[in-house]
Amino acid sequence: MSSFQSATTRQGLHRRNMNSETPQSEFIQRLRRSPPSESSSSTPSSSTTTSSTTTTSNTSGKKKKTAPSASDFYVPSLPGQPKDSQLILYAGHLSFSPPDTTIEPEKDSYGFFFLNKARHIANRPVLLVWLNGGPGCSSFDGSLMEVGPLRMVLKGDGTLKEVDAAWNEYANMLFIDQPTGTGYSYGPKPNYVHELDVSSANLVNLLARFFKIFPEYQQMDLYICGESFAGQYIPYLAQAILDTNIISAPLKGIMIGNGWIDPINQYLAYPEFAFKVGLVNPSSKAADLVNEELKKCTEWIDSNSTTPIHIEACEGILSAITDSTVQTVNSQKMCLNMYDVRLVDSYPACGLTWPPDLADITPYLSRTDVKQALHAQDHAADWVECEAKVGNNFWAKTSQPSVTLFPKLLDKIKILLFSGDQDLICCHTGTERMIDHLTWAGHQGWTSQAINQPWKVNGSYAGLWKEERNLTYVLVANASHMAPYDVPYVTQDMLVRFLGIDVMTAAGPAAQITSRIGEETATKVNRVVMNETKLGQEGSGTTGLAMTSGPVHDENYYNASSAMLFLTLVGLVVGLIFFVRRRLRRDGHGDFAHHPSDETEIILKNHHHHHLSPDSSLPRSARDRQFQPVPTDDLDDHHLHPNLPSNNTSYQDLPR
């Protein structure tokens, strides 16, 4: 194992800490992945916090604390945001302390939230809480690179663009930075969180404060979602919400993408995945090294009755795999990207600096004007994607892996686990092993009734779908550790299916295209023709639609029905005009009957009206967004890293 791998094996899941200080464990640093921050990101600035209390001045000049209102957190716009954007955003700090307590601001700890309201009104109002992993990684990873409505324009000098297929198309998204010291969250030093039950209690307190300020969201279905090490956060938070009486929002389910949930089965799955996809030749010396590390791991497991969240004796397996991929290309050392094995990266990063969006996101979120717009100015230091000190202090020595909570949770709520098939760090084979060894609802693993069903989005293969007894597993095709980054329309379809949202009544981009699991009917909706361009064609994208069973109907049936409806409406309009003309003639208003040009104009206006969508009353920019063609490269865009020797270099192109 190289010295770099020894110091950074744990960076991956949590993302990017390439030179962490006194690493508590190798694997955490790979989960985290970010460069270390020596800045005081957990230290508040000298300004007065406006999160849990709002400061006002009375007539005597003395400052008085008042409870904040929703308007205090409103974000009219962000620097660089499109001028015609109709997003409704709120952001700011909320205390991690219990809602019925008051602590001096300089002694309190604060989480940061970023609320993106739903663009369309769905049949089921939903609030999604999103958490990124780490420990210590900001949820702006999810917001600005995966499921949020805004993206940075690469090398665009801080310019943002609005995207379709965001998860707030049909659900309200609440991104949270936690635990203390993560992203824009802050608190006095030292005040780091060490255990999962503490982090979940802090989140419950923050959510209780959020619902007090935004009470309308407490009536909505509540879901918690995230990825990577959030596979530990999310089940713990779900159980805490079910156990508490200070949050009345109905928790309906959780979603975890490429999650670190069951350490034992995840570690043991590494060799299987590496051999299966060809990262390591099973007959090579590299395979011997991998198997040596696997033996150390299994010996530790067999001799210990407890299961920590990270097992030191098992962390050499991943290092042996990544070390075996190091090659020299054009005088530069290269290795595979552990988050997307289709790609390569410069050694020893091996994916730690991926995706390339971070080069723009990091300076943007450190800008003073951006902090002010987000009401985050009380976080004094520059924004850091993943704070090393948070992860190094999150020991979790007494916390059991979150997989132990699954049987009880599955008795009460739905759980969706999704895995990008190109991820190594939290490979899908580990999630599948976990399910096979999990006992819930009276049975271990899947029963014979549960089968892998092919999942298609707009006619293209999107992955496999399997569900039974409140558990859904989705293997997402052509996707990395950050699946929504690679296939946004596909993962949006996954979301609306799991939430039970009827996009045909909510409109929006997902209503334009088709989605199908197994033998479901694939229904096309919003089949309209504008400027001779037919929307709803097969291509990259998705729809989460009201699902029925039966054969797929012929497209001609829909076209014939649409034509009949159109002719009927035109006939009604013409009949109405004829009736009005006769009535006016009878009443002596003959002038109307002698102006055929006016008559023609009325007919044309009504003819055009029948080609508009149900949302034609929306402002033009909103309508344009709904009728934009769906991108066709959603399923095969690999987002190659800029450090590759050439734009077409993948791991498979390296000499072996």
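Glycine too: its Cβ is placed from the backbone N, Cα and C atoms.
Swiss-Prot has this to say about the protein:
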ACT_SITE  SER228  active site
ACT_SITE  ASP423  active site
ACT_SITE  HIS481  active site
COMPBIAS  1-11  compositional bias 'Polar residues'
COMPBIAS  644-656  compositional bias 'Polar residues'
CARBOHYD  ASN58  N-linked glycosylation site
CARBOHYD  ASN304  N-linked glycosylation site
CARBOHYD  ASN458  N-linked glycosylation site
CARBOHYD  ASN470  N-linked glycosylation site
CARBOHYD  ASN478  N-linked glycosylation site
CARBOHYD  ASN531  N-linked glycosylation site
CARBOHYD  ASN559  N-linked glycosylation site
REGION    1-79  region 'Disordered'
REGION    608-656  region 'Disordered'
TOPO_DOM  581-656  topological domain 'Cytoplasmic'
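Annotated features taken from Swiss-Prot, shown on the structure.
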residue : record                      : Cβ neighbours (10 Å)
SER228  : active site                 : 31
ASN304  : N-linked glycosylation site : 11
ASP423  : active site                 : 29
ASN458  : N-linked glycosylation site : 27
ASN470  : N-linked glycosylation site : 16
ASN478  : N-linked glycosylation site : 22
HIS481  : active site                 : 31
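If you compare Cα positions, ASP423 (active site) sits closest to HIS481 out of the recorded positions SER228, ASN304, ASN458, HIS481.
Candidate recorded positions: SER228, ASN304, ASN470, ASN478, HIS481. Nearest to ASN458 (N-linked glycosylation site) by Cα distance: ASN478. Closest by Cα distance to HIS481 (active site), from the recorded positions SER228, ASN304, ASN470, is SER228. In the three-state DSSP reading, ASP423 (active site) counts as coil. Of all the recorded positions in the record (SER228, ASN304, ASN478), the one with the smallest CA separation from ASN470 (N-linked glycosylation site) is SER228.
Between the CA atoms of ASN478 (N-linked glycosylation site) and SER228 (active site) there is a gap of 18 Å. Summarising model confidence by region, the topological domain 'Cytoplasmic' (581-656) averages a pLDDT of 40. For the pair SER228 (active site) and ASN304 (N-linked glycosylation site), the C-alpha distance works out to 25 angstrom.
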